[in-house]
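Copied over from TrEMBL, here are the features:
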- B:3-69: domain 'TSEN34 N-terminal' (DOMAIN)
- B:183-261: domain 'tRNA intron endonuclease catalytic' (DOMAIN)
C-alpha cells in the first residue's frame, strides 16, 4: 500500500461493452478446448510449423475470448460486503444446496463461492450499486497483497469442478447439527474454551444451561484450588467438616492396634494390616467417594509429548470435502469424506506428529476424516496427497 | 500495457494483452480463472493470467508493461454522479437491445416455422375452423410473432466483463516485485533475453524450463537448476541429470561466477560415443 500515491494513472479500457447484436450472437459460445497434435521438440521454422503455430494461437484466443452473457433475470444476484467479507444473496437462481451459509435468515456466500459462481456466469455480483467485473471482483474478494485466498480459491474451483462438494471446514458436527444443546455440550464447549483457547460457539452460548454451567465450573475451579468445600450444595463435599481434606501428618497409632506392642507384629500379619487400618480414616473415605465420582479417561499414547514441542507447526484445515451421492445437506453436514489442508507456496509437508496434532483439533475421534494435503506450485499445478494415519 | 497488482504479482485480464505477451514477448504465466463452459470441465482454464514474480519484474524492467494498483480505485464507493451515469449507461445498453432481440426472435421463428405452422393448423382444425387453417401461411405466422413481440428488460442480455470496462484510475506501483539482484531473477532475464520461452520448472522439480517455441506446441529442451555454489554435489548431479535424460532434455546448472557478476551455465547432455 505504500507505493507512491502521486503516480495516478487514468485507465481507458481498450475493450468496450459488446453491442446489442454482438451480445445476441455471442450469447451461446461454442468453444471447444483446442486439440493440438503432438508437440515438437525443436524449432525448424517450416511453413507447416508456422501454420500450426498460427492455428494454435487462434484457438487459444478463441478459448480465452469467451464472454459471460446471460439474461438480466437469468443469474442469481449477491451484494458484496467489505465489512463481512461475504456476499449476501438477494436473488436466488438455481440450486444453492452446496453453496453459502445462512446467518440470521440471510444467505451469504464466502469469497471463493462468490467468485466461482461469478466466473461460471451464474452470479451477478454487485458492489455499491455497480455490477462488478471479474477484475474488480479479484481486487475486492481476494485483494492485491499475496494471500492464501488465491490458493484457496484455486483449489476450491478445481475440486468443485472435479465433482466434490467443498465447504469451509467445520468443527463439532453433532452439536452444530442438532438443535438441542444439552448440559454436556456446554461443559465440553467450556472445557474446550479453557484448554485449547477455542471460542465457545454461539449456539452453545445462547443455551439455557450455559450460564448455570459456567458459574458451576467457576465454583468448582475455586474449590479445587482451595482444596476445601465451603459450599454445602457442593456435590463433591460429603459432609460439612471444613478440614476434611487436610492430612493428619502426625505420627499416630492405628486405632485397632492393641496395647501390648510386642505382640503387634504377629497380630498385624494375621489380622488387619496398617493399610487396612488407614482405610477407616474419614479423609480416606472422602477421597474414595470423590474419585468414584470422577471419570478417569485414559490418554492415548499419541496424546503425550505433542503439546510440549514448540517447533511443530500448526496446519489449518481449510475445506471439508463431501461426495455428491452421500446425501449432503448444508444445514446438517455429516462427517466429511476428506479434510483439506492447503500448503502455501514452498511450504514443507507436515510431519507425522504435525498431522496428529492437526487431526486432534477435531474434537471427536469418529468425526476425523482422512487428511488431504494439497500443494499449489508456482506454475499453478495442484498436487494432492491423501494421508491415512494408523 | 497495464498489469493489475494482485496476489503480490502481475495479473492480466485482457485477451489482447495476453496474446501480445505470449506471442511477442514469450511470457506464458498461468491461467488461473475458472472457465465459463458447460460441463464444468476441470481441464479448461480461463483469464485472468497470473504472471510469476520473475515475469512481472521482467516486463517492468524491459519497459513492456506497467504494473498498477487498482485497490484504492475499485474498492471505493462511487460518487452519486458516477453511479447515476453508470445506471443511465446500463439502462441505455439494455434498451438498445430491443431491435436485436426482436430480430433474433424472428430468426428463431423462421427456423422453426414449419413446426409452428403445423401446430397452429392442428389447433384450428380441432376447433373446427378448417378455412382459417387452410389460409394460414408461414408469412402470416412470422408477421404475428413480429406484431406481438414486446421488449422486456428481464430478457435483455447482461455481460459480465473480464477486464474492468468503466474508465477508472490506478496507482503506479514502484516497489520491486522480486529481488532484482537475486540469482534466480538474473538467470531468468538472461535466458529470456536469448530468445527462448522460459517458464517455471516445478513440473520437473527444477527452477526453470527452456522451450524452443511456445510451450503449447513444443517440448521443453532444457531443465535449468540454479546452484548457489559452482561446486555440484555428486548425488545431486546424478539425480538431476538422470531425470533430464529420462525426459529427453538437457540439464543446465546455472551459478554465479567467482566475480559475482556473470552467470555461468554448465550443460549436461547424454553422450553416446558408439553412434
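Heads up, the Cβ atoms here are built off N, Cα and C, so glycines get one too.
What TrEMBL says about a protein is an automatic prediction, not a curated fact.
Bear in mind that the values here come from a model prediction, so they are computed numbers and not experimental data.
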Just to confirm my parser: what is the rounded mean pLDDT across the domain 'tRNA intron endonuclease catalytic' (B:183-261)? 91
Per DSSP, how many helix, strand and coil residues does the domain 'tRNA intron endonuclease catalytic' (B:183-261) have? 27 helix, 21 strand, 31 coil
What are the helix, strand and coil residue counts for the domain 'TSEN34 N-terminal' (B:3-69) according to DSSP? 18 helix, 23 strand, 26 coil
